[in-house]
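This report concerns only the one structure given below.
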Amino acid sequence: MTLGSVPSKFKVSIDRDQCMDCGRCIENCSYGVYRREGDKILIESRKCTGCLRCVAMCPRDAITLTEKPIDYRSHPLWTREVREDIIKQARSGKIILSGMGNARDLPVVYDRLLLDACQVTNPSIDPLREPMELRTYIGKKPSKLNFRKTESGDVELETKLAPNLKLNTPIMIGHMSFGAISLNAQLSMAKAVTELGTYMGTGEGGLHRDLYPYQDHMVVQVASGRFGVNIDYLERGAAIEIKIGQGAKPGIGGHLPGEKVNEEVSRTRMIPVGSDAISPAPHHDIYSIEDLVQLIRSLKEATEWKKPVFVKIAAVHNVAPIAAGIARSSADAVVIDGFRGGTGAAPKVFRDNVGIPIEVAIASVDQKLREQGVRNEISIIASGGIRSSADLAKSIALGADAVNIGTAALVALGCRVCGNCYRNLCPWGIATQRPELVSRLDPERGAVQVSNLIKGWTYELSELMGAAGINSIESLRGNRDRLRGYMLDEEMLKILDVLPAGA
Amino acid sequence: MCGIIGFIDRTKSRMDGSSIKAALSLMNERGSGDGAGYAAYGIYPEYADYYALHVFFDDLGEPKKKVDELLQQSGEIVHQEEIPTTPQPGIKKVHIPWRYFFKPSEDLMSGKMASEKDVVTYLVMEVNSNVKGATIFSSGKNMGVFKASGWPEDVANFYRIEDYKGYIWLGHNRYPTNSPGWWGGAHPFNLLNWSVVHNGEITSYGTNQRYVEGYGYKCSLFTDTEVVAYLFDLLGRQHGLSYEMVVKALAPPFWDDIDRMPAKEAELNKAVRLTYGSALMNGPFAIVVGTENGIVGFTDRIKLRPLVVGENGNRLYISSEESAIRVLDPEVKKVYTPRAGEPIIGRFIE
Ligand code: SF4
Ligand code: SF4
């Protein structure tokens with residue numbers, strides 16, 4: 001092996017004075033960093049992923065983790081990452097896989113957008129004392145209403161409304177499949193969204209029977225592999241999402257490594273145990289927008305036009321015209337997933353280089369749909385790197401109806417964004433199917449954590465709206481007047497249609 | 001701040017502008033001397049079939065030439081003149097107010113511009129966003145807006161408001177924060193026969209603006225009130241909603257109230273909120289709108305700005321202050337304050 005080893009990413013050390021030799025680190029680290037030899041706990045730092053499970057579980061705070069203990073000679077162009085990728089590929093000749101979202105240090109547009117508040121000329125509204133309306137309906141809306149007068153002279157509605165999903169807060173949880181994540185992780189989130197009156201996605205993995213009690217709050221997904229899809233599945237969901245693309249890996253299909261396909265996953269997905277579940281890049285029945293239109297109609301026919309159908313696309317350069325095409329179909333919502341969107345497994349080159357930021361995608365899609373007079377035909381759901389209630393408020397002000405969160409919900413369950421989800425060893429019981437690891441996640445407690453997070457964001461959104469003198473979410477939606485750009489260049493401001501701070 | 005007033009005589013018996021001037025001036029504490037204006041309906045009976053286009057020109061050279069050309073291409077001007085004014089010490093005449101009586105040509109009416117009103121709307125948008133030095137600030141039939149920077153008495157005397165007789169009057173005393181000094185920024189705002197006086201600030205402006213601009217309206221007057229006129233035109237004229245329904249869209253009931261309504265009513269209110277969510281107006285406001293058939297007054301959903309109503313026989317008054325109503329009509333019979341979001345509508349008796 002002429003290339004030799006590369007410096008390990010982390011150095012793990014135990015303060016032996018603090019350590020009480022309980023062995024919890026050995027028990028908790030599923031990557032096998034710790035082992036006992038005689039009366040000593042030995043450490044193999046090279047295996048560490050930085051998941052922080054051992055640190056969180058050590059009763060004595062005895063464990064220290066140092067990132068990049070030995071680094072390469074610094075170079076602005078030939079960074080550590082670039083060099084390691086080359087070494088890896090020189091060894092393997094393969095595509096480099098990675099987990100979670102885009103890990104490059106690119107500027108975050110959200111962080112350069114600032115929200116507004118009232119002073120003097122208009123009063124702010126106090127959400128503790130006045131009603132604050134966050135209720136959001138996702139689905140098609142008519143562009144105008146028709147009324148008729150009844151014989152008795154009353155006014156009656158003539159226009160029929162399409163089925164819409166009613167959200168008590170404009171925060172949903174995006175699609176993470178059973179297989180990619182554990183049943184306990186799904187259960188935690190399902191309980192939370194049901195309690196809160198919002199929704200989550202099943203992902204492309206079918207609907208496990210333990211989730212049936214929560215099916216009215218679940219959006220079922222039809223992706224290119226069609227795993228788990230049958231009429232029973234479609235009928236159980238509150239809505240159906242067709243997944244065309246995903247922000248972390250636009251243009252390519254999904255990949256669930258065989259290690260994660262156990263008995264239960266195999267049954268729910270309808271695939272053999274231990275086989276890799278690889279969804280094709282395109283749907284093999286969608287090669288044009290007309291084909292998509294047909295699939296949407298078929299799904300609607302199959303479910304008697306009772307359920308909204310969403311279409312999820314990755315935010316790519318041409319996202320606005322694509323969304324406009326989708327708006328002209330019978331789709332009820334378009335889900336746009338930005339380039340920071342997470343994933344269980346994606347080729348690193350895609351994760352880090354393909355797609356555009358969600359902020360920009362929302363702005364240009366909303367603009368295009370308005371120009372074409374079809375904004376009311378469809379709801380916009382934004383996802384891909386939404387980290388806080390501020391990101392949420394800014395997304396809505398740019399023009400989204402609601403957002404999907406993914407990573408944020410997992411972090412609420414314990415995830416430390418270590419990016420090793422594809423290895424089936426997640427020590428937090430999230431991205432794994434190993435029973436001993438899954439059991440670490442208690443769905444009851446998980447549900448409380450996820451629901452606390454969404455509640456917290458919802459309160460914060462109410463406060464932000466109240467401060468801006470707005471008591472209804474409709475008045476924040478597309479209200480770019482209440483945003484200002486800070487340190488954004490002129491071109492970017494133009495695309496976002498936002499004034500610079502001070503203007 | 002800002003003081004507003006609206007008046008209608010349901011039998012169309014006309015009243016001259018002197019008492020509206022007196023009533024508005026009484027609310028000077030609500031203004032700052034930076035803008036005032038009046039709208040009067042029924043003032044041009046001799047040209048009742050023509051659109052009265054009131055224009056601010058920066059000068060009568062190039063801008064006027066362009067507007068003349070545009071109007072001649074699009075229809076017939078039967079009469080035009082400078083709007084008569086009397087110099088006032090408190091008013092600096094920065095614009096020349098002009099009026100045209102205009103009828104759009106039928107040849108233009110096809111496709112997207114199917115009616116006279118569409119053509120006039122197009123012309124207003126075109127001039128206001130593309131002709132430098134010209135602003136059409138009033139474009140209805142048999143009605144007109146008179147406004148400038150200054151105190152209400154000065155603006156009234158400047159335009160000799162007592163020479164006009166109308167069956168609807170709107171008045172506005174401005175305390176500007178957005179665009180002081182600019183005459184176009186004074187109220188009333190007008191498009192076709194819609195005129196708006198507004199006290200408050202529309203915190204949903206960005207949303208409302210994006211919404212109406214999707215339908216070809218262009219917000220070019222640098223102030224939020226403009227959008228109310230366009231919302232009324234879009235919902236009231238183009239979508240054919242009743243005034244009650246327009247107000248329901250702009251200041252809808254809360255979801256909690258809708259949830260408690262009987263099923264049919266709840267469904268209707270839900271449909272209005274879903275369809276017209278982008279038209280919902282947020283923030284503190286009290287508004288009176290003048291229309292072809294009467295006046296409509298309403299406030300925001302939690303009533304952050306005052307609005308008082310007075311009635312006396314066929315006369316209805318809506319104002320920020322009861323005292324202003326009492327100046328207009330010392331004999332006023334019924335005085336009350338409407339609930340938040342409740343529309344107050346005064347219609348002509350057929
Ligand atoms: S992989 Fe996780 S549990 Fe194991 S040593 Fe590293 S941080 Fe600790
Ligand atoms: S889900 Fe688990 S494996 Fe994936 S990033 Fe989070 S902690 Fe790591």
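Our numbering is plain: 1 for the first residue shown, then up by one each step along the chain.
From the backbone N, Cα and C atoms, a Cβ is placed for every residue, glycine too.
Annotation comment: TrEMBL describes A:10-38, A:39-68 as domain '4Fe-4S ferredoxin-type'. The [4Fe-4S] cluster 1 binding site annotation in TrEMBL covers A:Cys19, A:Cys22, A:Cys25, A:Cys58. The [4Fe-4S] cluster 2 binding site annotation in TrEMBL covers A:Cys29, A:Cys48, A:Cys51, A:Cys54.
The Cα of A:Cys25 ([4Fe-4S] cluster 1 binding site) lies closest to that of A:Cys54, out of the binding-site residues A:Cys48, A:Cys51, A:Cys54. Note on proximity: among A:Cys29, A:Cys48, A:Cys51, the binding-site residues of the record, the Cα nearest A:Cys58 ([4Fe-4S] cluster 1 binding site) is that of A:Cys29. Only A:Cys29, A:Cys48, in sequence order, out of the binding-site residues A:Cys19, A:Cys22, A:Cys29, A:Cys48, A:Cys58 have a CB under 6 Å from ligand 1.
A:Cys19 ([4Fe-4S] cluster 1 binding site) has a Cβ environment of 16 other Cβ atoms inside 10 Å. Among the binding-site residues A:Cys19, A:Cys22, A:Cys48, A:Cys51, A:Cys54, A:Cys58, the residues whose Cβ lies under 6 Å from any atom of ligand 2 are, in sequence order, A:Cys51.
The DSSP breakdown of the domain '4Fe-4S ferredoxin-type' (A:10-38), given as helix, strand and coil counts, is 5 helix, 9 strand, 15 coil. Each of the binding-site residues A:Cys22, A:Cys54, A:Cys58 was scored by how many other Cβ atoms lie within 10 Å of its Cβ, and the smallest score goes to A:Cys22.
A:Cys22 ([4Fe-4S] cluster 1 binding site) is 12 Å away from A:Cys54 ([4Fe-4S] cluster 2 binding site) when you measure Cα to Cα. Within 10 Å of the C-beta of A:Cys51 ([4Fe-4S] cluster 2 binding site) there are 25 other C-beta atoms, taking all protein chains into account. Summarising model confidence by region, the domain '4Fe-4S ferredoxin-type' (A:10-38) averages a pLDDT of 96.
Reported as a whole number, the C-alpha separation between A:Cys19 ([4Fe-4S] cluster 1 binding site) and A:Cys48 ([4Fe-4S] cluster 2 binding site) equals 19 Å. The two recorded residues, A:Cys48 ([4Fe-4S] cluster 2 binding site) and A:Cys22 ([4Fe-4S] cluster 1 binding site), have Cα atoms 20 Å apart. Cβ neighbours of A:Cys29 ([4Fe-4S] cluster 2 binding site) (same chain, under 8 Å, six or more residues apart in sequence): A:Cys48, A:Arg53, A:Cys54, A:Pro427. Of the chain residues outside the [4Fe-4S] cluster 1 site list A:Cys19, A:Cys22, A:Cys25, A:Cys58, A:Ile14, A:Met20, A:Asp21, A:Gly23, A:Arg24, A:Ile41, A:Cys54, A:Met57, A:Pro59, A:Arg60, A:Ala62, A:Ile63 have their Cβ within 8 Å of the site's Cβ mean position. Listed in chain order, the extra residues whose Cβ falls within 8 Å of the Cβ center of the [4Fe-4S] cluster 2 site residues A:Cys29, A:Cys48, A:Cys51, A:Cys54 are A:Val12, A:Cys25, A:Asn28, A:Ser30, A:Tyr31, A:Val33, A:Tyr34, A:Thr49, A:Gly50, A:Leu52, A:Arg53, A:Val55, A:Pro427. Taking H, G and I as helix, E and B as strand and the rest as coil, DSSP gives the domain '4Fe-4S ferredoxin-type' (A:39-68) the counts 8 helix, 9 strand, 13 coil. Between A:Cys51 ([4Fe-4S] cluster 2 binding site) and A:Cys22 ([4Fe-4S] cluster 1 binding site), the C-alpha separation comes to 20 Å.
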